[in-house]
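Quick look at what Swiss-Prot annotates:
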type	residues	note
DISULFID	192-197	disulfide bond
DISULFID	199-220	disulfide bond
DISULFID	240-247	disulfide bond
CARBOHYD	141	N-linked glycosylation site
SIGNAL	1-17	signal peptide
């Protein structure tokens with residue numbers, strides 16, 4: 001009992017710097033060794049920064065590309081509906097571990113005020129508060145959270161997934177911030193091929209830490225779809241700020257940024273692209289991605 005208490009205190013009190021999405025269908029669930037179920041794993045959580053393409057793509061730097069979910073397990077995407085995942089700093093603080101006994105409304109398993117925010121001085125990050133909690137969220141408050149996204153590729157074999165066939169299909173503003181996050185699915189998203197699709201959870205924080213990015217692997221399946229539409233070939237995104245006329249219209253690739261190679265977007269110093277209108281991504285389901 002004492003050992004369990006010490007472990008939980010250690011996990012909850014650590015100064016985490018990162019967040020990932022936890023749900024069925026994820027790669028590296030329980031760690032990067034499919035033979036071992038580590039319920040306290042955070043290996044999928046670490047960000048991607050200044051890495052060669054061969055390492056950042058699909059989290060190959062930690063072997064997550066080689067740790068798929070069990071056969072037949074998918075993240076279900078209901079066409080025209082919504083799906084919910086858990087954003088957390090460690091699998092321990094989700095319902096995928098310990099029967100959900102360590103979950104709260106927050107990604108770190110802690111308890112925070114509903115209007116949790118950083119101080120109104122300097123950059124004002126959550127981690128600038130006494131105690132330094134909240135650094136994982138890279139934000140001042142919920143409103144300033146940069147937004148997260150999901151992309152889909154209609155390639156059942158992940159070896160065939162590329163930037164030019166991986167299309168962002170939904171975004172969620174003001175995330176990551178709370179544990180539960182619900183994303184909208186375009187109604188015209190077509191069914192996946194036999195063996196399912198590849199999906200990626202995506203995030204580029206806006207300040208409050210290292211200028212990194214996130215790409216997390218999933219096997220996914222579009223459910224309830226009778227659509228015969230096809231997804232367009234995505235274009236690289238462009239940072240457009242407040243001038244929407246400069247934004248890329250239609251299907252867009254994920255943001256590949258601040259890596260040694262493989263980047264598809266460049267910004268001025270201090271400018272952060274994100275899965276939001278400043279980089280051409282509308283809020284919610286991306287209904288303009290079809291041919």
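Easy rule for this one: first residue shown is 1, then count along the chain.
Note: Cβ is positioned from N, Cα and C throughout, glycine not excepted.
Structure coloured by features recorded in Swiss-Prot.
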residue	record	Cβ neighbours (10 Å)
141	N-linked glycosylation site	17
192	disulfide bond	23
197	disulfide bond	25
199	disulfide bond	27
220	disulfide bond	24
240	disulfide bond	16
247	disulfide bond	18
Item to check | Cα-nearest neighbour of residue 240 (disulfide bond) within the listed recorded positions, 141, 192, 197, 220 | outcome: 141
Checklist outcome for this item: recorded positions near residue 247 (disulfide bond): from 141, 192, 197, 199, 220, Cα within 10 Å gives none
Checklist outcome for this item: Cα-Cα, residue 197 (disulfide bond) versus residue 220 (disulfide bond), nearest Å, comes out at 5
Item to check | Closest of 141, 199, 220 to residue 192 (disulfide bond), Cα positions, recorded positions only | outcome: 220
